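Engineer: Let me give you the structure first, and then I'll get to my questions.
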Amino acid sequence: MLGWVQRVLPQPPGTPRKTKMQEEEEVEPEPEMEAEVEPEPNPEEAETESESMPPEESFKEEEVAVADPSPQETKEAALTSTISLRAQGAEISEMNSPSRRVLTWLMKGVEKVIPQPVHSITEDPAQILGHGSTGDTGCTDEPNEALEAQDTRPGLRLLLWLEQNLERVLPQPPKSSEVWRDEPAVATGAASDPAPPGRPQEMGPKLQARETPSLPTPIPLQPKEEPKEAPAPEPQPGSQAQTSSLPPTRDPARLVAWVLHRLEMALPQPVLHGKIGEQEPDSPGICDVQTISILPGGQVEPDLVLEEVEPPWEDAHQDVSTSPQGTEVVPAYEEENKAVEKMPRELSRIEEEKEDEEEEEEEEEEEEEEEVTEVLLDSCVVSQVGVGQSEEDGTRPQSTSDQKLWEEVGEEAKKEAEEKAKEEAEEVAEEEAEKEPQDWAETKEEPEAEAEAASSGVPATKQHPEVQVEDTDADSCPLMAEENPPSTVLPPPSPAKSDTLIVPSSASGTHRKKLPSEDDEAEELKALSPAESPVVAWSDPTTPKDTDGQDRAASTASTNSAIINDRLQELVKLFKERTEKVKEKLIDPDVTSDEESPKPSPAKKAPEPAPDTKPAEAEPVEEEHYCDMLCCKFKHRPWKKYQFPQSIDPLTNLMYVLWLFFVVMAWNWNCWLIPVRWAFPYQTPDNIHHWLLMDYLCDLIYFLDITVFQTRLQFVRGGDIITDKKDMRNNYLKSRRFKMDLLSLLPLDFLYLKVGVNPLLRLPRCLKYMAFFEFNSRLESILSKAYVYRVIRTTAYLLYSLHLNSCLYYWASAYQGLGSTHWVYDGVGNSYIRCYYFAVKTLITIGGLPDPKTLFEIVFQLLNYFTGVFAFSVMIGQMRDVVGAATAGQTYYRSCMDSTVKYMNFYKIPKSVQNRVKTWYEYTWHSQGMLDESELMVQLPDKMRLDLAIDVNYNIVSKVALFQGCDRQMIFDMLKRLRSVVYLPNDYVCKKGEIGREMYIIQAGQVQVLGGPDGKSVLVTLKAGSVFGEISLLAVGGGNRRTANVVAHGFTNLFILDKKDLNEILVHYPESQKLLRKKARRMLRSNNKPKEEKSVLILPPRAGTPKLFNAALAMTGKMGGKGAKGGKLAHLRARLKELAALEAAAKQQELVEQAKSSQDVKGEEGSAAPDQHTHPKEAATDPPAPRTPPEPPGSPPSSPPPASLGRPEGEEEGPAEPEEHSVRICMSPGPEPGEQILSVKMPEEREEKAE
């Protein structure tokens, strides 16, 4: 009957083994059921439970939820224990009645079909025994039985069932926080310990309400055995008064009062604030411990059914400080206010989805799951830590099974589960309305931590091990939002070691209102701090958990702190660099650092010409060809394989032009000799075979041209060059040229068989004139001086017209008869030459010709005159055009020269300047062939101009150091803007102080940079490839004036780039612009750096002192300076010492200059002025030169030593001098930074003696 219910309702994931007691119960035919009375729930608890369930899911809770008995009902049951004893007899009689048996059978069947909650963890056996033997939990059986006996009537039972479901439908206020503060005493399992004196007396009854009526204690192993009564706590006076005020049991007024009382409890009541501050703020919290008994042989790792409940305290903001072991007390009234605001919560959809999954599994294994065993759980005592926490607001441990369950949930499963759940709920609701609801364990936030005994309890033994669960993150995940960060110190380990599972809890707020995916959970885990990171670890009896946990926390914290420190240091470094860059830009906006300057595009090498690559390709081919002759083996050049091209380019292929030359020669043979053979008697039977041989050779050339060459010529169609063989052949066959070529090869030679060999039959061979014109155009395109060929061709036209006229004259003479008249040819001499002479005189109309006598002669002569005038006029005009085109450049040059000379004469320019201008015209014309190259480039497109500029100027511009590293395309654009200018010898290219608007690149020749005081000293000579004028052109540092004079040394050809053109180019290349400015700034800085000029000696360095003079000075020193000679010698001696001092100072100055120049080469920046000033000061502060002892007489004479201490070390000492002739030499800075003053001082006494 209930098979469909079993298939519809979800079943537990595993089927545990049946105990012996269960087997015995199944054998019994009619088990006796203890009368169970639905206890009256506490109003506060009932309201709390009704709040935890939304209205839309109430119908589901009607089937599975059971209300806990309230403390007041428990007290009433304890006071009326005698009434319960009397009611047992009536209960047994009612149970034995037929209607009661049907209900009992129906209840037993439903209990077997409806799945029971599955729990995975148990307590220690010691704790279970303690719960069962003594304590407050043992007091729940007797009063419950008494109440059951009181409320066993079916009508009253139905009312209780309606009331219970009404309470679950309507929202209720949250449970007082006092209950949660008193629960840890029960969770410890120490029943023998009395309650603390400071706690109120109502603690015991409220804790009894935590027990479910269907959870018997583990002590009574037999169903009918009753536990020993434990001393019950004193009931409240208020509850006693309430009990005593009610009417008798059978009175109808009692029923009405009871209904009104139940309605009051069912309807929502105002929130009553509990007592606060009963727990000391510094008292340590206790970890949540759940003790669950696992039957032997069951699943080792049972699947846990998890439920997600939205926490009401997610958005709460309270000032709560944490202690190392637990959280501080939260005011109860604040928590209740927050709980009222968060009353509507959603129940998890996981249960519905799990039911669908289990339904599919049970359909496949229908036969095996008909006999479902009940899971026997010893007890479920859950203690929560914290003040102001409601039962539904506890945190739930997050385990690996939770994560697997989240992964299994999908969007499609949600929709299907909701649809199926609605259909099933309607069917189940109709059937459950006819029977009593079953006693189920209340579904809470932690379904894996709560359990329920179906029929009887089994104590924990060796066969029934226990596993203790500890919530290790009680302080890291407080129930209320805290301002202070959670403590990273782990709580002390649990006393149980080998059977403890450490489950750190995680804030459930991260999983609310949606089912997170695997990626979302990974991101949330990464976002957690080391104290909040969920870690699941099985304890090891050999490893202390506290040390391991602290090490993990410390290592994680140290890793995070190291990463944060590295990141902060990196940010500080970046900020410093950015600050320095901003400062640098504020000081000089044009300054760019090396990092900002773009990396120049790698300079691509110009493509190598094709002839250079061909030998490289041919080398490996040559290595393969060897020739073995006799005893030696040598390599020989392989035979080149010539293959006729598949297509021929008629514009650039020189072989085709050569072939056209042969075709034109054949055509000229026919055009010149056919008239001669027809008119003159030069073709005779004796030489006929020679004439025919040449004729047919020309015909073969014609035929090859038509069949081989013309059918392979490329052509342009739609802008594309067609190289397909079929298309080229079709193109030729459809052209006019093919028709003319075909007519030129008409086989009229077969008529020779009838009329004989007549040259006029070959006259169609002259129709191949189109090949002649094509040859002329191709030849002119490849000739450097095409006008020469044009002149020759024009002359040929004139000669051919004379040739035809001579042939006609001989034919006319032969027609009338040779020598018949005075006008005709008389037949004397060479007939062709005499006729040709007559034709020349006739066409040119020289005169002196014989007068025609006959009509034929007159008509023929008139035709000659008209032909001659027309032909010669055309020839002369064409000749003029040809010659004019050949000398057009020279004519332009002369016209420009004449205009310039006329201009200079008009303004009376000096002859020297005029001569320089004329020289420039002549040199420019002869060197370039034109005066201005830009005029030639104007007609060409940009691409061709760029190609020409690259070939002409790229090799020179690429050598310029200033443009190295710049964009290659920028250099190409710059090449098109360059102008070529020729400078004559000693011409000033630019002068110092002028405004710089151009930059110069030397193409050919040399220029000299002048400087010095007079501005005529040659500082440096620049050769081809050098550049100057770029600093003023780039206007770096605000200066755009020339810094030196530049003069052309000889004829110099320069490329000029205007400032305007360069700026237009650099606009499109900002990276190259920065690079050029940076280079120009460095060059300007190096040029402006003060260079130390070599000190000019007052007196030139003297030559070495003669030995004889030194000997004389030595003798004078001995004599002691007596007489005039002694005074003169002393004066000379002092003079020599001055010269020696000057020489030493000059050497010291040279050493200083060398040191500073080496520093400049290394690139060290800084002013050299301070260095220049330090040395003179040191020399000025030097003490006087020490007096040298007199020189011994036998010492060899040598040059006197310098008096300055600044001479280089290692220099040999001079000869010893007398003391009275010592002097003091000082170096002091001059008024200008680069000047120094040398002063020579003598003591006053010595000066007097010297005088």
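Glycine is no exception: its Cβ is also placed from the backbone N, Cα and C atoms.
OK, Swiss-Prot features for this one:
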type     : residues                                    : note
BINDING  : GLY1029, GLU1030, SER1032, ARG1042, THR1043 : 3',5'-cyclic GMP binding site
BINDING  : ARG1042                                     : 3',5'-cyclic AMP binding site
REGION   : 557-567                                     : region 'Calmodulin-binding CaM1'
REGION   : 888-964                                     : region 'C-linker'
REGION   : 1148-1154                                   : region 'Calmodulin-binding CaM2'
SITE     : ARG880                                      : site 'Occludes the pore below the central gate'
TOPO_DOM : 1-656                                       : topological domain 'Cytoplasmic'
TOPO_DOM : 679-687                                     : topological domain 'Extracellular'
TOPO_DOM : 710-724                                     : topological domain 'Cytoplasmic'
TOPO_DOM : 745-760                                     : topological domain 'Extracellular'
TOPO_DOM : 774-785                                     : topological domain 'Cytoplasmic'
TOPO_DOM : 809-831                                     : topological domain 'Extracellular'
TOPO_DOM : 885-1251                                    : topological domain 'Cytoplasmic'
Engineer: Tally of helix, strand and coil residues over the topological domain 'Extracellular' (679-687) according to DSSP?
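Structural biologist: The composition, in the requested order, is 1 helix, 0 strand, 8 coil.
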Engineer: Should anything in the same chain at least six residues away from the topological domain 'Extracellular' (679-687) have a Cβ under 8 Å from its Cβ atoms, list it; otherwise answer none.
Structural biologist: 757, 759, 807-808, 810-811, 814, 831-832
Engineer: I need to check the long-range neighbours of the topological domain 'Extracellular' (809-831): which residues 6 or more away from its ends have a CB within less than 8 Å of a CB in the stretch?
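Structural biologist: Long-range Cβ neighbours of the topological domain 'Extracellular' (809-831): 678-681, 838-839, 842, 850-854, 856-857, 860.
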Engineer: Taking GLY1029, GLU1030, SER1032, ARG1042, THR1043 as the record's 3',5'-cyclic GMP-binding set, what's the max Cα pairwise distance in Å, rounded to a whole number?
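Structural biologist: Looking at GLY1029, GLU1030, SER1032, ARG1042, THR1043 as a set, their Cα atoms extend up to 11 Å apart.
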Engineer: Can you give me the same-chain residues 6 or more apart in sequence from GLY1029 (3',5'-cyclic GMP binding site) with a CB-CB distance under 8 Å?
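Structural biologist: Spatial neighbours, sequence-distant, of GLY1029 (3',5'-cyclic GMP binding site): CYS990, GLY996, GLU998, MET999, TYR1000, ARG1042, VAL1046.
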Engineer: For the binding-site residues listed here (SER1032, THR1043), which one has the lowest count of neighbouring CB atoms within 10 Å of its own CB?
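Structural biologist: Counting other Cβ atoms within 10 Å of each of the binding-site residues SER1032, THR1043, the minimum falls on THR1043.
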Engineer: Counting by DSSP, what is the helix, strand and coil composition of the region 'Calmodulin-binding CaM2' (1148-1154)?
Structural biologist: 7 helix, 0 strand, 0 coil
Engineer: Within 8 Å of the Cβ centroid of the 3',5'-cyclic GMP site residues GLY1029, GLU1030, SER1032, ARG1042, THR1043, which other residues of the same chain have their Cβ?
Structural biologist: CYS990, GLY996, MET999, PHE1028, ILE1031, LEU1033, ARG1041, ALA1044
Engineer: Tell me, by DSSP, whether GLY1029 (3',5'-cyclic GMP binding site) is helix, strand or coil?
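Structural biologist: Assignment for GLY1029 (3',5'-cyclic GMP binding site) reads coil.
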Engineer: Counting Cβ atoms within 10 Å of each candidate's own Cβ, which of the recorded positions ARG880, ARG1042 comes out highest?
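Structural biologist: By the 10 Å Cβ neighbour count, ARG1042 comes out on top.
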Engineer: Hey, which bits of the same chain come close to the topological domain 'Cytoplasmic' (774-785), Cβ under 8 Å, at least six residues off its ends?
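Structural biologist: Same-chain contacts beyond the ends: 650-651, 654, 656-657, 660-661, 663-664, 793, 886.
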Engineer: Please report how many Å separate the Cα atom of ARG880 (site 'Occludes the pore below the central gate') from that of GLU1030 (3',5'-cyclic GMP binding site), as a whole number.
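Structural biologist: Distance (Cα to Cα, whole Å): 50 Å.
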Engineer: Take the topological domain 'Extracellular' (745-760) and find every residue of the same chain, 6 or more past its ends, with a Cβ under 8 Å from one of its Cβ atoms.
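Structural biologist: Same-chain residues near the topological domain 'Extracellular' (745-760) but 6 or more away: 673-674, 677-678, 683, 688, 691-692, 695, 699, 702-703, 706.
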